[in-house]
Amino acid sequence: MNLSFFDQFTSPCLLGIPLILLATLFPTLLLPMPGNRWITNRLSTLQLWFLHLITKQLMMPLNKTGHKWALILTSLMILLLMINLLGLLPYTFTPTTQLSMNMALAFPLWLATLLTGLRNQPSMSLGHLLPEGTPTPLIPALIMIETASLLIRPLALGVRLTANLTAGHLLIQLISTATTVLLPMMPSVSILTTLILLLLTILEVAVAMIQAYVFVLLLSLYLQENI
């Protein structure tokens, strides 16, 4: 019984072929396709307004040099947002609950920001490893600590996204199972757990949106440090 709770995080397969790539690319098919006209319908207008709002929020901490990353960061946030939200639907699979996928997104982008800083301003990038005014005896220890904190950033990005979504899905399944089991025995308690389940579902929708925003926002802050 305990193992069945984690079956929802297993990548679906058809004839032995993993379908995680299909689950990752399916949200992009829901976006309206561009047409010949600037504004085709209300859905396109809402989409353009939402993309403009996201881009504005992500680009505010960055200077003009970092605005070249606008397309990458905005596309990444839209992809994570749609995957997280669609994963809350019944009989669906959430690829972002897989640590391997989140690390595959976090590590190359973090490495790109680091290499950008080392190429454009190596002295400033390396200067972050040693705060100004550090006493001489503490210099080796601080360099090791700052280096470790720098290298652990992509792991923190991937683990944060994976842990939050996994915990939310497990809570929803546990409470829904308790609601189903208690319904024939204690209907009043089952109604109470149903209300808790409804509130938890609303909370998970907010968590899915916030985690996508935090993931991309932290990447933009790492980029700002290196430009």
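From the backbone N, Cα and C atoms, a Cβ is placed for every residue, glycine too.
All TrEMBL annotations are machine predictions without curation.
Taking Cβ pairs closer than 8 Å, the transmembrane segment (12-33) reaches residues 40-41, 43-44, 47, 78-79, 82-83, 86, 92-93, 95, 98, 101 in its own chain, all 6 or more past its ends. Look at TrEMBL and you will find 12-33 (among others) tagged as transmembrane segment.
The transmembrane segment annotation in TrEMBL covers 69-89 (among others). The list of residues near the transmembrane segment (69-89) in space but at least 6 beyond its ends in sequence, with Cβ under 8 angstroms from a Cβ of it, reads 23-24, 26-28, 30-31, 51, 54-55, 58-59, 62, 95-97, 105, 109, 161, 165, 169, 201, 204-205, 208-209, 211-213, 215-216, 219-220, 223.
Summarising the annotation, TrEMBL assigns transmembrane segment to 101-118 (among others).
Summarising the annotation, TrEMBL assigns transmembrane segment to 138-158 (among others).
Feature annotation from TrEMBL assigns transmembrane segment to 170-189 (among others).
Per TrEMBL, the feature transmembrane segment maps to 195-223 (among others). With a threshold of 8 Å between CB atoms, the same-chain residues lying at least 6 positions outside the transmembrane segment (195-223) that come near it are 57-59, 61-62, 66, 69, 73, 76-77, 80-81, 84-85, 87-88, 105-106, 109-110, 113-114, 116, 153, 157, 160-161, 164-165, 168-169, 171-172, 175-176, 179.
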